[in-house]
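Here is what Swiss-Prot says about this protein:
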- 35-55: transmembrane segment (TRANSMEM)
- 65-85: transmembrane segment (TRANSMEM)
- 161-181: transmembrane segment (TRANSMEM)
- 187-207: transmembrane segment (TRANSMEM)
- 222-242: transmembrane segment (TRANSMEM)
- 275-295: transmembrane segment (TRANSMEM)
- 322-342: transmembrane segment (TRANSMEM)
- 345-365: transmembrane segment (TRANSMEM)
- 371-391: transmembrane segment (TRANSMEM)
- 442-462: transmembrane segment (TRANSMEM)
- 476-496: transmembrane segment (TRANSMEM)
- 525-545: transmembrane segment (TRANSMEM)
């Protein structure tokens, strides 16, 4: 091509550009104030990576712990500031060019996630439970995550007292994704947030100090099944985009309602196709139900909960359920409210088999972590009853249940870390026989958590179940409530069985010991017990708070 031709093309292009100023690039509008809780966590996570690169190894633990505590506390303070400024009620809105919603459910769920992250963080930082080599204090994580289990590299790292302090920035990255997940206002943001919190969790599951092969197996299972569910979610997103011509929740809802104002010419043949809507919605629902651990998408839960480091299990069991149910609520109430009656039979079936399946299979478990895993599956079914209510009361009841369940879960897994034998944590139920005689306080605390799981009055579990069952009954799901009550009765059997085992069985001579933790784990357990009792004895303030927060912005 000649120089004259090139000049002509350049001149023509310049003329077109100058003649069409409306096509000029517009800088994105980012509301940094409303996004401050997430930004604080992301900045701290990046700083945590720099700490790993430049801070001497012996100083990393305290530096990372301080940085993580400050970041989580600062982010929670930002949440409180936004709530006080009315961003959860009167000033709620859509920010980041439509990608994120800042409203009552967002702030309530983000606050819950941050509180869970703080108490779980203390179990991450615990260094007094496992006897270290040469007097070194070690935590629950592998001395050198990249070494071969049982190899010379691992042995040398253990002798040197190394710890995997990378778990702190990984935790922060996961928290960042969890904060965005329930706030996502379009499908692309939803998928990105899912991957941001999932990838660090895959790594955290693989770095247990004891039983490393089981830990790595759990991580591989979680990764493979998680990738499979992400594929379902992504394919569903593609189908919904073909249906609506947009990834925005509001635009999708408009097309579902038949109030769309503009049709994308490139998607004229697919927009409004009900088959794309139903299949795409079902596939996205599948991806989210995998994250909450609902049947039949629950198969990863017992193996991962059992194999992962127990502090990671506690955090994952609580925080991911909070974020995933928040995302599920927003999808159903904001993007797909027009599909409520179409999805209702499916949601009913999933809730019923989840409640019954989790409760019945838990009876057969002999490992305390697997028992708690199936317990979490049953609780996912109870929470789905509130989701199915399809009412403001249903939303607020789910928010309250998630708050109550989270602290009970983290506290219960914190207690599990204390009961130990020569191989680490003693998770087989037979080893918990007579624990009430050997360590009455620890057994009593664990009994409180088990009674809360069972929904016994005066605990947070009773208040939460009463709220979701009441909302479901008022929403026309009375039969579902009956199934839920029956499932709760079945579940109460195996919870009480553990209590009987601890207090009314003879302790074995070679039974486990109860480690004396640092104030960090003591704080986690104490906070869990306090929240469990407060939400059980005086829940009204928190029920009102959840009710005020239970309004989605569109």
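Placed from the backbone N, Cα and C atoms, the Cβ positions cover glycine too.
Here the transmembrane segment (442-462) touches the transmembrane segment (525-545). Their Cβ atoms form 3 or more pairs under 8 Å, with each pair 6 or more residues apart. Only sequence-distant pairs (6 or more apart) were considered; of these, at least three Cβ pairs between the transmembrane segment (275-295) and the transmembrane segment (345-365) are under 8 A, so the stretches are in contact. Comparison of 65-85, 187-207, 525-545 by number of C-beta pairs under 8 angstroms to the transmembrane segment (161-181) places 187-207 first. Within the chain carrying the transmembrane segment (187-207), a Cβ under 8 angstroms from the stretch's Cβ atoms is held by residues 99-100, 141-142, 145, 164, 167, 170-171, 173-178, 180-181, 215-216, 218-220, 222-223, 226, 230, 233-234, 237, 240-241, 247, 249, 252, 284, 287, 291, 304, 307-309, 312, 316, 320, 323, 327, 331, 335, all 6 or more beyond its ends. Listed as Cβ neighbours of the transmembrane segment (371-391) (distance under 8 Å, sequence separation of 6 or more from its ends, same chain) are residues 292-295, 298, 301-302, 304-306, 317, 321, 325, 328-329, 332-333, 340, 344, 347-348, 350-359, 361-362, 365, 397-398, 401-402, 405, 409, 412-413, 416, 429, 453, 464-465, 467-469, 471-472, 474-475, 477, 480-481, 484, 487-488, 491, 494-495, 498.
Beyond the ends of the transmembrane segment (525-545), by six or more residues, the same chain brings 108, 119, 396, 400, 403-404, 407-408, 410-412, 414-415, 445, 448-449, 452, 457-464, 467 to within a C-beta distance below 8 angstroms of the stretch.
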